[in-house]
């Protein structure tokens, strides 16, 4: 490989700080809620809104009682014992540092500076050598000669004013007017250049078909018409165009200076030739290029004749000779010797040489007819360029090629144009002034430089100039792309020019590698301008790698990527050593080096973040270089070496200060490992940091012990300073709760960030940390209780406000502690399911929640106890209200009282606590109404209707359209009991009796096998209108006699009595000394089917124990609804006395619900109610207590 350029002389700019974007962590939970509305309409008595929305957010500002401002740098000294504020301030800084290290960084840097990029190094010695005065004079003469002897047509973006161009040259070469005039005179006296026209016949399209097969066999004849022939007989030319054909009657022979012929393309109307010709020009202003396109015939040897004509081109009378050849060739054809053969002509072109643009022309020309009788169509694609073949200049005479002359002229003009525009700017894109561009275009054309050579020259000059005075990389990239495009079209250069290009590419690649070596200095990731410049530089290097000529003259394909990797590695090591020597010199003792090593590790992490989010995608997409892996591996290994050595040195000297530094250092090293693991396909077990946690374990344990003590001291100080008042208008808790929640949140976040990798060790650390959290939380609630107990005016209203704050504090800390404990889940790979707490910690967590819930309920009971007397007073007001007033008027005082009280509580309590208070008040109200109902007997139905209205109004009030308690909880428990009481109190006596039997039917399925079983069979005989009830047998009855047996018999009766008023009860025989009697007795009851279909209609079986000496004992009962009996619900099938299937009934004893119906009937004064109650009480005398 060729040596790469000169040495990189300029030094780097000053060290640039790669800042770390650190987010703010920690916010105190606040509780916000819409205020509860006041009672706007007493009649509606519905509370519209009681919801509050507490939230637990960490404050971005400092927590109460902390220092006035957080320190900007991590504290390096040990904190004072008992100073929890300083300890947690230090911990907050560690958490802030880790906030930006969660997962993979974004693939772009959100905060980038738009300031100018750092200046790149320049070295004037890397440019082209300065010209000697004599060489400058020759270059000046070369430029003047180019302007004075220009030829062709100037383009619209070029300067056509000769004086303007000469004046520009005088200015850029810095000559006086006298010197300038003398130079012009010398050049004018020089011999004019020899001009030539380069013609490339590329292709034609849409030609006319001349052959029977629908195609033609086209070929071109072209030549230069000299001035003598082109200007004579203008009248004849006006009638017809010149053509290379046989003579006609219209004029004499038309000589051609040189006639060239292309190949014949058979059977096509769109021929492609791509043939090139060079014609000498005598007079640029008058000579013309003429081109004919003919259809070739097999029997005509015109092409051969033309080729023979070119061999004698020096003879006089060439035109007549050409005419003779045409005649001879045509004579052998089918046409006569005097015919025009117009069918063979396909079109012609006449192009004055003076109309050829200076830069050449590459376009399609429309074919023209030679006379009005000709019929042509189609276009011909030509490339024309006017050049000079001999130049009378000093450079030409000394053998300087046009390539070298143009290089010197371009370099001179580019340097002067740049210095005139923006001498110190790196954004200049090589925009030359119009005179400069015109002169370079003229010189390039006259020197016969190909587009590839011009592109190579522009690249060589600009890339060299860039190393002396920085240019815009987009300009250089454009030059490389232009050069590559032209190389693909014509990949050939003289050997000397190829070698010159190779040196240029090699020098630029070396320059780029030196910049990449100092990547962080010249292209900082936080500077958008610098990153964009880096992208363009990489594209330039990538273009060198993919540039076809570089494969032949510079072996970049196999070496450039390795060179880039080597430059990046060397730059990484230099950057690392610079920070290490500045922050943590190896000459210092371990404890003094530790803070600096923390800074170094943080700098490495931040650098790798920038590398991943900014540099990696650029290098990979453009050069296919994995810069992130390369950088990570190298820096991670260097940091790991320092960490292993330092921990081994500091382990025997473990102090609080050392533990703090090691703990912070480990967090960053663990972040590095997680960073690598978070990338798909990467495994940190292969890193040098693998297993680094082991030597840090003693420091972590010591730090956790200090954390426990510091948390208690911090909470003690917060409670001491607390006034038990909300911290602001938007909060419902006091300052100590905010501090406690923040501390617990920090502990949980710290554990998450620690993510200790060893499962067994993590179990022990997590369990201990969780116990510390529980202990600190209970410690705080105990401090609160002592605080509120010592508040003055314990019996006054102020205590209620303080209790509300305490209740809110307990709720906030309960949630904070629960959230913190949830974060102490098992690490991946530990025993047990992921996310499950260890059993001791889970037990501690449940115990903590129970204690805090109990504490909250105690405070809630204390708050609501002050409202019990008032609630009873307002309920009594409802019960004593006369029937003459409306229900809403009777309820209004209670609703107004509740609205006022709950509005005050809503303003003071968070949602969870307000719900707890609402539930307590709801239960108080239900019990008060139940007591009022029990205290009032023999009252009107309006009394119960009023309380029914009150109950529904309270449900709406406490539900508050979904903003209060849910309907499911409101309509449960005591509400159901009260609702049933009100319903039954509103019922008639017979409805109450029916409810009594319905309750019996419901209770038969609640208890099984406790009091035995009874098998019966029932059916209804429609023909006789009677009900047949057959008692079959019983089993597992209760032993009611001293001998362990019973003498059971069964009483069979129909109920309710008012449905079957004429039916008497019947009984079976007594079966002595048995618990499994068999009866097989059939009883008939003459009753109508309609009565049996009533909802409460049933057969009641009562099993009694016969006692000869005293009252019979009650053994159990069972009820069977008649609605499902065969013959009642559906017609009897099969007939017979024993139709239907046996039914097994489980015996039971009346439950409280059934007995309550009896108590409701006791208050009735009607005869029917009293007789029914008397009968039931006689039965109760026979009952014993439930076993």
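Note that Cβ sites are derived from N, Cα and C of the backbone, with glycine treated the same way.
In Swiss-Prot, the Ca(2+) 1 site is described by 211, 295, 297, and among 217, 287 the residue recorded at this site is 217. The region 'Disordered' annotation in Swiss-Prot falls on one of the ranges 28-54, 55-81, 82-108, namely 55-81. In terms of DSSP secondary structure, the domain 'C2 2' (1010-1136) contains 7 helix, 56 strand, 64 coil. Inclusion criterion for the binding-site residues 211, 297, 1047: a C-alpha placed within 10 angstroms of the C-alpha of residue 1107 (Ca(2+) 3 binding site); this criterion is met by 1047.
Across the domain 'C2 1' (176-335), mean pLDDT in this model comes to 72. Sparsest Cβ environment among the binding-site residues 295, 1047, 1105, 1107 (other Cβ atoms counted within 10 Å): 1107. The binding-site residues shown are 211, 217, 295, 1047; of these, the one with its CA atom nearest the CA of residue 1113 (Ca(2+) 3 binding site) is 1047. One way to see the shell of the Ca(2+) 2 site is to take the Cβ centroid of 1041, 1047, 1105, 1107; the remaining same-chain residues with a Cβ within 8 Å of it are 1040, 1046, 1048, 1106, 1112, 1113. Put simply, of the binding-site residues 211, 217, 1047, the one whose Cα is nearest the Cα of residue 1105 (Ca(2+) 3 binding site) is 1047. Taking the C-alpha positions, the distance from residue 1047 (Ca(2+) 2 binding site) to residue 217 (Ca(2+) 1 binding site) comes to 134 Å. Summarised by DSSP class, the composition of the domain 'MHD1' (663-784) is 92 helix, 0 strand, 30 coil.
Secondary structure from DSSP puts residue 297 (Ca(2+) 1 binding site) in coil. Residue counts for the domain 'MHD2' (888-996) by DSSP state, with H, G and I taken as helix and E and B as strand, are 93 helix, 0 strand, 16 coil.
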